[in-house]
Amino acid sequence: MFTTWPARRHACSSLFCHLHGAGSAMLYRVLDAVTSVKCETRRARKQIKVLQALDVAGTQLYHFTTIVIAGMGFFTDAYDLFSVSLIADLLGHIYYHSADGKLPGNVAGAVSGVALCGTVLGQLFFGWLGDRMGRKRIYGVTLKLMVVCSLASGLSFHNKPKCVVATLCFFRFWLGFGVGGDYPLSATIMSEYANKRTRGAFIAAVFAMQGLGNLAAGAVVLVLSARFKNTATYETDQLGQADYVWRIVLMLGAVPALLTYYWRMKMPETARYTALIAKNLKLAASDMATVLDIDFVSDADADAIVKQDEFGLFSMEFLHKHGRQLLCTTTCWFVLDVVFYSLNLFMKDIFNNIGWFGDATMMSPLEQTYKIARTQAIIVVGGSLPGYFLTVLFVDRIGRIKIQLMGFTMMTIFMIVLAAPYKFWSKPNMHIGFAIMYALILFFANFGPNSTTFILPTEIFPTRLRSTCNGISAAGGKCGAIIGVLWFQYSHTSIRSSLLLLAGCNLVGVMFTLALPESKGMSLEDITGEMEEDNEPPEESKTVAEAEFIYSVEIS
């Protein structure tokens, strides 16, 4: 049975006139939890008209153009980061004459992890720079780095193996530095262009290009391996032909970045940066009018800009308002990337452990690489890509937090199911079942925290710190990826124990997700509270004002 309380001041005043101090606040929190009503903040917020127009604008062609322009950066990022695991065995065959293609431990760790180290620094540096100099102004710099370093990685020539690997690692570090910059900039640009109704889907669509880049890496390695291993020259010079393959694979990472460079340079600065940080309303309106079909008037909004908060990242006010959120987004991304990058970069080792590929010593270099790339492509198509696409479809309906909780929970369940009876899955007739379970883990990673940890930091922090906080959160994630690489490379722990440890990481993600706010369907300024008026309600009327948002409670 429900008793309805009208949301009017005079109806609530009699209820609250006998409640004071902590008792009133406690009752309000309890009732708010019971009713689950989405309440606006007590403080009136002024919304600048150009930003309001962006929030309510219909989906237009330029939104899809922005998805492609920003998304191709993530396509390149995923291609560059994940392709190295496919060609690592070729380096072992060519430069270390390993029968099964395995690199020495320290070399394998460097080749797999050096780009991630660069990514951490790039996320922090370019995230900070994006809030200081503007998103668009440095957007092309990251792309130039990726193009130059992708080409240079494939041109790592020398007659000594150590020099080849050292040169390769040098350029892959700076490649990772450029890749890191793309994370906060692309996410922030898409969130600030999008309307509030479909913002989550647009940001998720940008991130979904990561899945296509991962698939492209597998497809390119498949095609090149098949092409070169079927030539007459391969019969007499297997290592020479394999040397061409890994170099071409890495150099092709420059192509998608080059294709979008011109369009990135033509993009205007986001209206939110121009209006709220550069404080140029007319330019913000003019820029948006050139790319979107929206009408607005901005001359009457000057007061709203003057009254926005100005606290910095290291201030107590930031710690009070957003410190918990930054801790939670960083931790969730950290534990997610421990799991996600371990499962992707060491997929070949995990599958090889159950005998999926057969005896590597009996295969030629390109035959082994072909099998590894084929397995990765199957897992991406069967698990990862559907997860990305379902997030795009449902993130603005279900909500970010529910999807993240569901993803972490389901990943935990499937990893325990995979690890607990590990010997059972190692039987030859159960290999297909193992692959299906593995694909389901990656499905819920992408229809879950891998997508939402990217979305949330772009929405819940104020404009002047949005890129910085996204970079900090993403850098936390890549630190987790580095730890995952080091664990699998040097811990010498069994695959079963490692999978159980990764399941524990997912549970940590569940706990920290519970402390994050839902941002579905809200304006960025309403989420962050950065546009506030100074006229705070009188102290004596606060509890009464709070009651205006209470509509119904269940009476048992």
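Residue 1 is the first one shown; counting continues down the chain.
Glycine is treated like the rest: Cβ placed from N, Cα and C.
The feature transmembrane segment is assigned by TrEMBL to 53-75 (among others). Long-range contacts of the transmembrane segment (53-75) within the same chain, counting only residues at least 6 positions beyond its ends with a Cβ under 8 Å from a Cβ of the stretch, are 47, 142-143, 146, 182, 186, 189-190, 192-196, 198, 202, 205-210, 212-213, 216, 256-257, 259-260, 263-264, 267, 271-272, 288, 291-296, 523-524.
What TrEMBL lists as domain 'Major facilitator superfamily (MFS) profile' is 66-521.
Here TrEMBL flags 107-126 (among others) as transmembrane segment. Here the transmembrane segment (107-126) has Cβ contacts under 8 Å with residues 80-81, 84-85, 88, 91, 96, 138, 141-142, 165, 168-169, 172-185, 341, 345, 467, 471-472, 474-475, 478-479, 481-482, 485-486, 489-490 of the same chain, all six or more residues outside its ends.
Here the transmembrane segment (202-224) has long-range neighbours at 63, 66-67, 70-79, 82-83, 86-87, 186-187, 190-191, 193-194, 245, 248-249, 252, 256, 344, 369-370, 372-374, 376-377, 380-381, 384-385, 387-389, 391-392, 395, 446, 450-451, 454-455, 458, meaning same-chain residues at least 6 beyond its ends whose C-beta is under 8 angstroms from one of its own. According to TrEMBL, the feature transmembrane segment maps to 202-224 (among others).
The feature transmembrane segment is assigned by TrEMBL to 244-263 (among others).
TrEMBL lists 372-393 (among others) with the feature transmembrane segment.
Away from its own ends, the transmembrane segment (405-424) comes close to residues 336, 339, 430, 434, 437-438, 440-441, 444-450, 452, 495-497, 499-500, 502-503, 506-507, 509-510, 513-514 of its chain (Cβ-Cβ under 8 Å, at least six residues beyond either end). What TrEMBL lists as transmembrane segment is 405-424 (among others).
Annotated transmembrane segment per TrEMBL: 430-448 (among others), in sequence order.
Annotation comment: TrEMBL describes 469-489 (among others) as transmembrane segment.
Annotation source TrEMBL lists transmembrane segment at 495-516 (among others). Within its own chain, the transmembrane segment (495-516) is flanked in space by residues 324-325, 327-329, 331-332, 335-336, 338-339, 342-343, 349-350, 353, 400-401, 404-405, 408-409, 411-412, 415-416, 418-420, 422, 449, 456, 460, 487-488, which lie at least six positions past its ends and keep a Cβ under 8 Å from the stretch.
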Spatial neighbours of the transmembrane segment (430-448) far in sequence, C-beta under 8 Å, 6+ residues away: 211, 336, 339-340, 343-344, 347, 350-351, 354-356, 375, 378-380, 382-388, 390-391, 403-404, 406-408, 410-411, 414-415, 417-418, 424
